Amino acid sequence: MNELKNDRYLRALLRQPVDVTPVWMMRQAGRYLPEYKATRAIAGDFMSLCKNAELACEVTMQPLRRYPLDAAILFSDILTIPDAMGLGLYFETGEGPRFQSPITCRADVEKLPIPDPEQELGYVMNAVRTIRRELAGAVPLIGFSGSPWTLATYMVEGGSSKAFTKLKKMMYAEPQTLHLLLDKLADSVILYLNAQIKAGAQSVMVFDTWGGVLTGRDYAEFSLNYMHKIVDGLIRENDGRRVPVTLFTKGGGQWLEAMAATGCDALGLDWTTDIADARRRVGDKVALQGNMDPSILYAPAARIEEEVSTILAGFGQGEGHVFNLGHGIHQDVPPEHAGAFVKAVHALSKPYHQK
């Protein structure tokens, strides 16, 4: 594989020295970019875009052509695993993802297969290989998966949810059924992420989008427990380099100590957690990624720069910070505002890395 020309992102995740704070954006390949919309129109629909390695590579590369980002992230979806398990993923206009065959009982869980990542999910691995070739060592490629708990929310609810009543009913009335489902999902995620690493992903991230809807005790038992299992099962060195793993629980700022104790390399922060406080609590164990409110990208460039400056000052001097948004970029953000954000991170972070 090509030698990395810019390894700032990987170095920051391992709390090694960098010249400026690295930056990328969750959902950086997405609907805020007109070129993404054009490519998606060619593909026909979202899953066709994910399943076409050349087009998935094209949309992964689009933000890198516009902005000096320090990492690329695989263009895919967190629901590829449940789809490969046979639940029949489809997208309702204006409704988001849905499943034709949601999980309703223990028998449904027992018959779920664990997908072979090079077979049922081979299209994802083809995309990883294609993107790595196209990147030619410019920046590292991030692979990712949803967390078992977050995947389970969609699989049991049948799609997106606000209250998660079906899943919470299972959690409290049939906890063993839910544990069986989460265990199968953790095994599937380990295989899936390890296959991405073998195909060329240089760092991986686990997105626990819905962990924040749980009580502390339930989070430990039904979400973090399974992310810990994943961290333990991942390939941590490939191609002569450490493969850093980042855990991100949206709404999980109160559990950072427990998350850091999993042995992961970095934690993602949403914008509701103060980054200075987070660094005081866990900065000696893990790197931190985040954590600007994505809605600030609606503001003028001067306001974006002010927020970047505040977050950089909050983290302070030294290593172990990857700048990002606290969640995905919104689809109606002007692309030039994203550009102002990336430029501000690099320009304003230099003084924090001078010896």
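For all residues, glycine too, the Cβ spot is worked out from N, Cα and C.
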Legend entry - Same-site residue for substrate (record: Swiss-Prot; known: ARG27, GLN28, ALA29, GLY30, ARG31, ASP77, TYR154, THR209; options: HIS179, HIS228, HIS321, HIS327): HIS327
Legend entry - Local backbone state of ASP77 (site 'Transition state stabilizer'), from DSSP in three classes: coil
Inset, instruction - Would you pick out, from the binding-site residues ARG27, ARG31, the residue whose Cβ has the largest number of other Cβ atoms within 10 Å? - result: ARG27
Legend entry - Three-class DSSP secondary structure - TYR154 (substrate binding site): helix
Legend entry - Pairwise CA distance, ARG31 (substrate binding site) versus ASP77 (site 'Transition state stabilizer'), rounded so that it is a whole Å: 14
Legend entry - Close in space, distant in sequence - TYR154 (substrate binding site), Cβ under 8 Å, 6 or more apart: LEU79, PRO82, PRO97, PHE99, SER160
Legend entry - Rounded inter-Cα distance in Å - ASP77 (site 'Transition state stabilizer'), ARG27 (substrate binding site): 10
